[in-house]
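Have a look at the structure below, then the notes.
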Amino acid sequence: MHMSEIMEMLIRRGFLWQSFEIYGGMAGFIDYAPLGNNLRRKIENIWRKYFVINERAAEIDTPTIGIEEVFIASGHATSFTDVAIECENCGRVYRADHYVKEKLGIEVDETVEAVKEVMEVYDLKCECGGRFKDPAPMNLMFSTTIGPGKGKKGYLRPETAQGMFVDFKRLANFFREKLPFGVAQIGRAYRNEISPRQGVIRLREFNQAELEFFVHPGEKKHPHFSLYAKDVVKLVDKFDSQHEITLEEAVEKGIIANQILAYFIGKTRRFLLEIGIKDEKLRFRQHKDVERAHYATDCWDAEVLTSYGWIEVVGIADRTNYDLKRHSKFSGEDLSVFVPYEEPVKVKRRKIVPILSKLGPEFRQKAKKVAEALEALNVEADLDEVEVEVDGEKVKVTKEFFEIQEVEEEVTGEKVIPHVIEPSFGLDRITYSVLEHAFDKDVVDGEERRVLRLKRWVSPIEVAVLPLLSREPFESKGMEIVQMLREEGIFTDYDDSGSIGRRYRRFDEIGTPFCVTVDHQTFEDETVTIRDRDTTAQVRVKLGELPSILKELLRSEKDITEFGEVFRQV
């Protein structure tokens, strides 16, 4: 099976189209055609079932444009880069590690130094024969201006996550500061890829589904881990060692850093299998230290084997509290939560007691804020002076303005900045992978048949109603059945063009699991046939029972033979 054969079918049948096609198109952009859009929406809704409803998470929707301060704080303004190489002759720009792998067949670390060394050793040249300039980092964010004139600098978001971190104070209040809690978002993100060459695999505008699961830094166990603990998963660790092991064992042996990461690996695997990813073509690979994102301490990718090779479709990262700490520092807001102890405890501590009679004359209108900043400090030893921050300004305070006392206090809890475990899903790659894994060919009645063996619950068109003959009363009866099924919430299409066999093949190719045929017997006894896409078997059922039978079939993997005797295969 070649990717060009699959893409030809997806374009021709209305799953994916090239964006801006009448103007020649542009790499890195695709349009979801009617069938592809419906498929992706169904995948999104199953994702919601797993990661919003079952996790009791809150789903929010934040702007796709962010102000510059957000991305300075997050680190994207300086760290969200790929190494690029530009040809001195033709001016083409390539992503360095991809170009090296394509031309030399070797992996190279994504650093300027490593790329430069490979270029020199192998005398790497452009496809036009020209020489490259020295490699340089390129930021992948799209910049924009917010407002008229010079306006305010902003960026198209490179991930949905930052909107959830920026809203953390409100979200913590929404959850009454009770950890753990999850926040989800589905939406568009943007990355100005240097040289996107892999169709739907590397896009400049793409769809993400992300969950930020906020936890106590010292409590990385999940109360429902037992649901997935015995699941056997295929793992490739950061040393390239392969394991086929239960998640429980992987945590015990230290292969996976903590139970919550393992829990979401298990949940992700179940989700991918439910939407149609094949288990034998699914693995989880741990990031090597050199490739791990700047914010992560551990990260596992769900990778799917396709005609492009192994591609990452999900990243599951322990981001610690990097993001919240950064946004707290740059915004000046307290992004901690108060975690109460089961029982109050008494602790001795050294505290700074400001001498207010001296602070006033010295610091005047700032005296109150200086005093509050002093009282908030934790001290371990006697100090001659301390430095506090007041209104963004560093202020030095010598020991004549304060005393250090040892006090015993009753403490009812502690303030912590939560850690976050993040499963991040690339919906476009997932949608394409589902389609490729479903693509199949077989022989029926001596002819080759193309069929998308999609899971019934993700098929963009669930049922097709086909009149045996393209004339009355078959057509009007067919449309009557279509209306009945649509009112029951079943995605139903109607087709009376061409032979019945040709129509079956058309719906097989787009993955429609069931075809309902109106034939001569329909008018004799109010029955119709249901044809199964995968087996081509047909059974006859009563028209009045059709909606309930189809609903039961569409939400399960039941065989149609449970509802009638097979009398024909075509």
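Using the three backbone atoms N, Cα and C, a Cβ is placed for every residue, glycine included.
Since the structure is predicted, the reported quantities are computational estimates derived from the model, not experimental observations.
Residues or ranges marked as substrate binding site in Swiss-Prot (evidence: sequence analysis): Arg95, Glu159, Phe206, Asn207, Gln208, Ala209, Glu210, Glu422, Pro423, Ser424, Phe425, Gly426. In the three-state DSSP reading, Gln208 (substrate binding site) counts as strand. Neighbours of Gln208 (substrate binding site), defined as other CB atoms within 10 A of its CB across all chains, total 19.
The feature ATP binding site is assigned by Swiss-Prot to 191-193, 201-206, 312-313, 426-429. Within the same chain, residues at least 6 positions away in sequence whose Cβ sits under 8 Å from that of Leu427 (ATP binding site) are Arg40, Ile43, Glu44, Trp47, Ile186, Phe206, Asn207, Gln208, Ala209. In the three-state DSSP classification, Leu427 (ATP binding site) falls within a helix.
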Sparsest-packed among the binding-site residues, when each Cβ's other Cβ atoms within 10 Å are tallied, from Phe206, Phe425: Phe206
Taking the residues the record says bind substrate (Arg95, Glu159, Phe206, Asn207, Gln208, Ala209, Glu210, Glu422, Pro423, Ser424, Phe425, Gly426), how far apart in Å are the two Cα atoms that sit farthest from each other? 27
Taking DSSP as the reference, which of helix, strand or coil describes Glu193 (ATP binding site)? coil
Counting distance between Cα atoms, which of the binding-site residues Arg191, Val313, Arg429 is nearest Glu210 (substrate binding site)? Val313
Starting from the Cβ of Val313 (ATP binding site), draw a 10 Å sphere and report how many other Cβ atoms land inside it. 25
If I take the alpha carbons of Arg95 (substrate binding site) and Glu193 (ATP binding site), what is the distance between them in whole Å? 8
Tertiary neighbours of Arg202 (ATP binding site) (same chain, Cβ under 8 Å, six or more apart): Gly28, Glu193, Pro196
